[in-house]
């Protein structure tokens, strides 16, 4: 394995690896199939600028070196982290893989992170704000990093996740970075249920977003609920759109004007009668 890494390490960053990986893992499942390995190595060597005359020979060498220590699962799937280790330094590897190790399953937690790092409430994460996020991320994982490297990795993350190349990240970009799981509300069919079923579903929904268990949604709990509600009808939303809809929801639902949405207030908004 070391011999496979020597000529490539330092020649490729996480963004370069990601460009090749995406050709094969379009749906971002985190793995490719064993039958795709030859083509993957071929594209990777092309990215590294290896001469065509020796490319095919090197593909077979790399495949042998990779397969020797790896026990490919019975379903023939090869995880991204197994291949990334061949080409990337430890830190570059971390940038690519931390999102797979700790995916977020809560829009409430996601919005807490969004509000923290969108420090100027612009509705976007700037490069400087992303840099702060990465600094905290490395500290959390007890990894020492210089400011110069931090700036370099911020640029790498922008290359990977800034889809429209405008130099800033929107809600959807950060959701991809944090590997936010499927919208919690997708499992409910509110319009196709009886009154009792709707009440039962409402209880589950409110309990999910009332993370603090106070009987009211506030702060990122409101944000998380708004985000998931909006994405039921508009899959790609911006931070500024979320803020507008949040204001509308509070205007309609926050009857006592305390800046929170009580359980009874949300039920009333949704046309439900619940037991006090």
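Cβ atoms here come from the backbone N, Cα and C positions, even for glycine.
Using a Cβ-Cβ cut-off under 8 Å and counting only residues 6 or more beyond its ends in the same chain, the domain 'EF-hand 1' (12-47) has close neighbours at 55-56, 58-59, 62-63, 66, 72, 76-80, 83-84, 87-88, 92-93, 95-96, 100, 153, 156-157, 159-160, 176. What Swiss-Prot lists as domain 'EF-hand 1' is 12-47, and the listing cites sequence analysis.
What Swiss-Prot records for 71, 73, 75, 77, 82 is Ca(2+) 1 binding site. Around residue 75 (Ca(2+) 1 binding site), there are no C-beta neighbours below 8 angstroms that are at least 6 residues distant in the chain.
Among the features that Swiss-Prot reports, domain 'EF-hand 2' is placed at 71-93.
Counting only same-chain residues at least 6 apart in sequence, those with a Cβ under 8 Å from the Cβ of residue 118 (Ca(2+) 2 binding site) are 124, 125, 129, 239. Annotated Ca(2+) 2 binding site per Swiss-Prot: 118, 120, 122, 129, in sequence order, evidence recorded as sequence analysis.
Summarising the annotation, Swiss-Prot assigns domain 'EF-hand 4' to 149-184 and lists sequence analysis as the type of evidence. Long-range contacts of the domain 'EF-hand 4' (149-184) within the same chain: residues 13-15, 18, 28, 91-92, 95-96, 99-100, 102-107, 110, 113-114, 123-127, 130-131, 134-135, 138, 205, 208, 227-228, 231-232, 236-239, 242, each at least 6 residues beyond the stretch ends and with a Cβ under 8 Å from a Cβ of the stretch.
Among the features that Swiss-Prot reports, Ca(2+) 3 binding site is placed at 162, 164, 166, 168, 173. In sequence order, the list of same-chain residues 6 or more apart from residue 166 (Ca(2+) 3 binding site) whose Cβ falls under 8 Å from its Cβ is empty.
The domain 'EF-hand 5' annotation in Swiss-Prot covers 197-232. For the domain 'EF-hand 5' (197-232), the residues of the chain that approach it from at least six positions outside its boundaries are 106-112, 114-115, 171, 183-186, 188, 190, 241-242, 245-246, 249-250, 259-263, 266-267, 270, 272, 274, judged by C-beta separation under 8 angstroms.
Sequence-distant contacts of residue 214 (Ca(2+) 4 binding site), defined by Cβ-Cβ distance under 8 angstroms and a gap of at least six in the same chain, do not exist. The Ca(2+) 4 binding site annotation in Swiss-Prot covers 210, 212, 214, 221 and rests on sequence analysis.
Using a Cβ-Cβ cut-off under 8 Å and counting only residues 6 or more beyond its ends in the same chain, the domain 'EF-hand 6' (240-276) has close neighbours at 121, 123, 171, 190, 198-199, 202-203, 206, 210, 215-218, 222-223, 225-227, 229-230, 234. Swiss-Prot lists 240-276 with the feature domain 'EF-hand 6', giving sequence analysis as the kind of evidence.
Non-local neighbourhood of residue 258 (Ca(2+) 5 binding site): empty, since no residue in the same chain at least six residues away has a C-beta under 8 Å from its C-beta. According to DSSP, residue 258 (Ca(2+) 5 binding site) is assigned to coil rather than to any helix or strand. For 254, 256, 258, 260, 265, the entry in Swiss-Prot reads Ca(2+) 5 binding site, with the evidence type sequence analysis.
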Reported in the order helix, strand, coil, what are the DSSP residue counts of the domain 'EF-hand 2' (71-93)?
-> 12 helix, 3 strand, 8 coil
Note the Cβ centroid of 254, 256, 258, 260, 265, the recorded Ca(2+) 5 site, then list each other residue of that chain whose Cβ lies within 8 Å of it, in sequence.
-> 216, 250, 253, 255, 257, 259, 261, 262
Work out how many Å separate residue 221 (Ca(2+) 4 binding site) and residue 122 (Ca(2+) 2 binding site) at their Cα atoms, rounded off.
-> 20
Once the chains shown are all counted, how many other Cβ atoms turn up within 10 Å of the Cβ of residue 212 (Ca(2+) 4 binding site)?
-> 13
Candidate with the highest Cβ count within 10 Å, taken from the binding-site residues 120, 221 | 221
